[in-house]
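*Asks:* In case it's useful when we look at the structure, here is the feature table from TrEMBL:
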BINDING   LYS7, PHE8, GLY9, GLY10, THR174, ASP175, TYR180, ARG185, LYS210, VAL211  ATP binding site
BINDING   THR47, GLU74  substrate binding site
DOMAIN    268-348  domain 'ACT'
DOMAIN    350-411  domain 'ACT'
Amino acid sequence: MPVLVMKFGGTSVATLDRIRRAAKKVGVEVAKGYDVIVIVSAMSGKTNELVGWVNETSKFYDAREYDAVVSSGENVTAGLMALTLQEMDVPARSWQGWQVPLKTNSAHSQARIEEIPTDNINAKFAEGMKVAVVAGFQGVSPEGRITTLGRGGSDTTAVAFAAAFGAERCDIYTDVDGVYTTDPRVSNKARKLDKIAFEEMLELASLGAKVLQTRSVELAMRFGVRLRVVSSFEEQSDDAGTLVCAEEDIMENRPVSGIAFSREEAKMTLISVADRPGIAAAIFGPLAEGGINVDMIIQNIAEEGRTDMTFSCPVDQVARAEKALNDAKARGEINFHDLVADTDVAKVSAVGIGMRSQSGVAARMFKTLSDEGINIKVIATSEIKISVLIDRKYMELAVQALHDAFELDKV
Ligand code: ADP
Ligand code: ASP
Ligand code: MG
């Protein structure tokens with residue numbers, strides 16, 4: 001039997017009614033002759049609540065226990081989805097990550113998938129089970145501990161299953177009907193894209209467009225998974241939504257395809273560190289060991305042998321970053337006068353493979369922001385993206401102005 005992977009995100013399983021609605025969509029595919037692997041998220045808001053409880057209990061928590069707690073939301077939906085399907089006379093059962101077993105490394109709270117053996121689920125398909133409902137976002141480490149794959153990780157579970165089972169398609173059902181030129185919640189001029197290149201989706205995702213988890217796009221690209229984003233609230237045909245595909249399959253040739261943003265950024269500055277060989281390693285080594293996701297970095301011009309070093313990281317990692325740097329200072333590895341955290345910043349990025357061949361994109365972006373009176377604090381570029389760090393209060397304005405400037409509302 002051909003296999004189909006269908007993933008339902010938090011809002012798509014937020015109530016029993018919505019689970020029923022999702023189950024009906026699964027039933028339609030079963031009736032077409034597919035063996036279906038359904039990946040479910042926790043009910044909307046549940047994971048945030050669980051994360052909140054962990055933070056309230058322990059500031060520098062044991063990540064193994066964080067995973068034990070936050071993975072639990074998906075277990076509930078997996079069971080409820082299997083029950084709902086059974087009520088519809090569709091043979092189904094639920095699987096928690098460890099039962100598959102979905103094997104990961106030991107990087108708790110952001111574990112990477114290492115292997116998905118197919119035997120257990122395939123044996124059940126052979127016995128007549130039609131739907132395997134798998135709890136997304138979770139796996140098991142070599143030590144036998146429960147792991148999670150990072151926020152939004154059910155997307156990655158879905159793509160990894162599609163690759164492991166050679167699924168015909170991996171459909172990501174969510175609360176929007178595809179990938180847009182920017183988050184439709186921030187700009188009402190956002191336009192739905194029929195197709196988007198893997199590379200662009202990868203950048204958009206890693207720069208904050210949470211419609212797909214970055215790692216899921218990476219896996220789809222590597223294993224050639226046919227990945228589609230579709231609405232769980234609308235009826236649709238097999239070619240609805242947005243297909244994430246190879247660059248060659250896209251006709252459009254505009255410099256910018258989308259605007260991404262990340263609200264939860266922080267800018268940290270180490271004031272007056274010694275400007276000597278090895279200083280960057282001495283600063284960023286401990287940050288890496290502390291699990292801080294450093295993104296942009298600037299080292300200022302040195303004066304009298306001292307310099308300031310600025311970097312950005314997710315705002316919820318500021319306390320950990322401060323601890324890592326203060327500990328390194330206490331060990332005598334670095335010396336700085338002060339450590340200043342600006343937690344009111346956001347990152348806005350323009351992404352497009354067309355940038356490779358068209359010049360002037362950065363200039364247009366900076367001019368647009370300047371016309372709006374928005375000050376740029378940090379800039380970072382790559383071949384297909386330009387990112388700026390700005391005051392958070394201007395984030396929506398910046399996104400809308402850039403969307404207009406690059407005429408993304410026009411087909
Ligand atoms: P799910 O719970 O189904 O996993 P998410 O909330 O993780 O859903 O992702 C869907 C959300 O992503 C949308 O509601 C939308 O607000 C947001 N989003 C951000 N950028 C984009 C974009 N470029 N296109 C579509 N949605 C986007
Ligand atoms: N429930 C998890 C989260 O909210 C995983 C997911 O939904 O993809 O991050
Ligand atoms: Mg998601």
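Placement of Cβ uses the backbone N, Cα and C atoms for every residue, glycine included.
Automatic prediction, not curation, is the source of TrEMBL annotations.
So that I understand the layout, could you describe where these features sit and how close they are to other parts?
*Replies:* Residues near TYR180 (ATP binding site) in space but far in sequence (CB under 8 A, at least 6 apart, same chain), listed by position: ALA190, ARG191, LYS192, LEU193, GLY258.
Around the Cβ of THR47 (substrate binding site), the number of neighbouring Cβ atoms within 10 Å comes to 24.
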*Asks:* In this structure, which of the binding-site residues LYS7, LYS210 has the fewest other Cβ atoms within 10 Å of its Cβ?
*Replies:* LYS210
*Asks:* With respect to ligand 3, which members of the binding-site residues LYS7, THR47, GLU74, THR174, TYR180 satisfy a Cβ distance under 6 angstroms to one of its atoms?
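*Replies:* So the answer is none.
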*Asks:* Please report the number of other Cβ atoms within 10 Å of the Cβ of GLU74 (substrate binding site).
*Replies:* 30
*Asks:* Please give the maximum pairwise Cα distance, in Å and rounded to a whole number, for the ATP-binding set LYS7, PHE8, GLY9, GLY10, THR174, ASP175, TYR180, ARG185, LYS210, VAL211.
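*Replies:* Max span of the ATP binding residues, Cα based, is 22 Å.
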*Asks:* Listed binding-site residues: LYS7, THR47, THR174, TYR180. Which have a CB under 6 angstroms from an atom of ligand 2?
*Replies:* THR47
